[in-house]
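Asker: Sharing the feature lines straight out of TrEMBL:
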type: DOMAIN; residues: A:95-304; note: domain 'ABC transmembrane type-1'
type: TRANSMEM; residues: A:9-29; note: transmembrane segment
type: TRANSMEM; residues: A:99-122; note: transmembrane segment
type: TRANSMEM; residues: A:143-165; note: transmembrane segment
type: TRANSMEM; residues: A:177-197; note: transmembrane segment
type: TRANSMEM; residues: A:235-261; note: transmembrane segment
type: TRANSMEM; residues: A:281-307; note: transmembrane segment
Amino acid sequence: MLQYTIRRLFSIIPVMLIVSVIVFLIVHLTPGNPAYLILGEDSSPEAIAQLEKQLGLDKSMAVQFVDWIKNILMGDLGQSIYSSEPVIQVIMERVGPTFSLMITAMSLTLIIAIPTAVFIVWRRNTILDPLFTSASLLGASIPEFWFAMLLVLGLGVAVPIFPVAGYVAIDVGLGDWIYHLILPAFVLASVEIGLIARMLRDGMLESVNQDYTKTARAKGVRESVVLMKHVLSNALIPTTTVIGVMIAGLLGGTVIIETIFTIPGIGQLLIDSIHRRDYPVIQGVVLFIAVVYVFVNLLIDLLYAFLDPRIRYD
Amino acid sequence: MLEVKNLKTQIDTNEGIVQAVDGVSFTVRAGETLGIVGESGSGKSVLANSIMQLNPNPPTFYPEGEILFEGSNLLKLSEKQLRKIRGNEIGMIFQDPMSSLNPVFKVGAQLVEAILTHQKMSRKDAKALAIELLKDVGIPDAERRMDDYPHHFSGGMRQRVLIAIALAGNPKLLIADEPTTALDVTIQAQILELMKGIQKKYGTAIILISHDLGVISQMAEKVLVMYSGRIVEKGSVNDIFYRTSMPYTWSLLRSLPRLDGVEHERLISIEGQPPNLVSPPKGCNFHPRCPFATEKCLEIDPELMPRKEGHWVACILTEQEFEAEKQRLESADREEVL
């Protein structure tokens, strides 16, 4: 297991290298010039040329890339063109809200999806099952931004239960923190709940008439235990893969949700930096998201071994 | 101890209602072994699962009949009362040991669960008892193997574990649904020996379901022969194997490969397929495949009637008619060989 983990960690290197090339190319091949944006439309070509030189943008792309990679390896993601702060610092300031949002959304998803799936499977021969299937499809098809607007209008404006926007750090107050996160997290979760619950339901229905389930029933184990222990534990294995993908989806979803709810997170930072053509920050943020994604997937793979004893990585 | 009276089990399928078990009656006395034989699809497994109502419900229903276990009708019990019987009074072993243990839990934990479901004791005591049970069913190094997962065990060893699970509540009746079908022959013999040993030690009654006539003849004292959800012949093991009085049983026995000199060119099979149970044939269910069939068999659906003391047969042929026809068919078989 340890060996496998180490091997997996090393395999991250080529992945990250490829990611960084793509990130660099996307940023540098998109039209738009940061020097031009900083100095404004009326600036003289000389001034722009001088600023480009200052920012290192006059060098060839290959040289810029090598410089960038060299600095990353030394732990330096560069400086924001916009605020002159180190990129790492800029990102770290924004990590808190984004992770808070993701963790809340994921907890909400699991807290709602797992009991729903168990309940639906328990009542599998009733009208509830087809109703649930349609509902989950609906949940997965509703666009996030539209649902967010709807919730804000409903629960923020018409019946002002929740704040319409903003973020409060966890060290300011746990209650306030969660209070501001519930609406945006619920919007993020809405897509995933249907997906995960559906996945779990399918897995459980497959497991519910398996031989080992019959063995458990023949032991005299009560049906609730059969479902929650024997059936669920087997259905969770394939669902875990989806949860891994879901976390990645949440990272993407935060870009929209943070903008709507004005949460100062990574997603908002990315959008702002793109508007400002702040190359170092854009590169840093995308690289950061890639790192998170790769590590989440590694974690999921390790979780597999824990959930399914038949998988052993050695 | 167990008395099944006119049990009917129906399965609601897309094509219609299947009479999987159609008016079956039999008794099992304490300590005895009842064998149930029949082809695939004859309803023997549905019957076995019906006793503790382990058929998925819906689509399986029990519209008629009684299953009396020590006086109480299992079909009338609540789910909660039924749970007290399952795994405690009646244990069950299934056909496929490879898929009958939950792959994600340790073998010890699955055995301990069976113990703690019915007995009030500490987890530590349950573990000790589990180790005893594993030793009892012949698992070497039982203590260490408690922490192994099912995939660490071979098929035969898994079946032993499943027997240990079935024995956890010290049941009075053990239902074994094709317990050796998925195992190879040497392991089969070991598992059958083990079951015999358990019966001797604890006085457990056994219902043994198999399509293997050899297994049944070795193990059972009484035998039921099933065809399309009904019992077509029942009697002592000698009645069935040496005083066969029913064309279907005779056909089953005839299809066994023989090692005693009479060598056939080809194995003899029973022509055709078991009937469609949604719309069974008119008259006797077996008549389309029966070498003894006459005109009358198209009309009359024979009931299971006593022929001799304890020997019941569902066939319109009298003993003399059956014997005469049997002689003719057997001599024809011999001629074919020559």
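Every residue, even glycine, has its Cβ placed from backbone N, Cα and C.
Tell me about the setting of these features in this model.
Answerer: A Cβ distance under 8 Å defines the sequence-distant neighbours of the transmembrane segment (A:9-29), meaning residues of its chain 6+ beyond its ends; these are 61, 64-65, 68-69, 72, 279, 282-283, 286-287, 290-291, 294, 298.
If you look at the transmembrane segment (A:143-165), the same-chain residues 6 or more away from its ends with a CB under 8 A from one of its CBs are 179-180, 182-184, 186-188, 190-191, 253, 256-257, 260-263.
Packing against the transmembrane segment (A:235-261) from elsewhere in the chain are residues 97-98, 101-102, 105-106, 109-110, 117, 144-145, 148-149, 152, 164-167, 183-184, 187-188, 191-192, 195-196, 199-200, 203-204, 206-207, 267-268, 270-271, 289, 292-293, 296-297, 300, 303-304, 307-308: each is 6 or more residues past its ends and has a CB under 8 Å from a CB in it.
If one looks beyond the transmembrane segment (A:281-307) by at least 6 residues along the same chain, the residues whose Cβ comes under 8 Å of a Cβ in the stretch are 1, 5, 8-9, 12, 15-16, 19-20, 23-24, 26-27, 68, 72, 77-78, 80-82, 87-88, 90-91, 233, 236-237, 240-241, 243-244, 247-248, 251, 266, 269-270, 273-274, 313.
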Asker: So what's near the transmembrane segment (A:177-197) in sequence-distant terms, Cβ-Cβ under 8 Å and 6+ beyond its ends?
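Answerer: Here the qualifying positions are 100-102, 104-106, 108-110, 112-114, 116-117, 120, 132, 135-140, 142, 144, 147-148, 151-152, 155-156, 162-163, 166-170, 239, 242-243, 246, 249-250, 253-254, 257-258, 260-261, 263.
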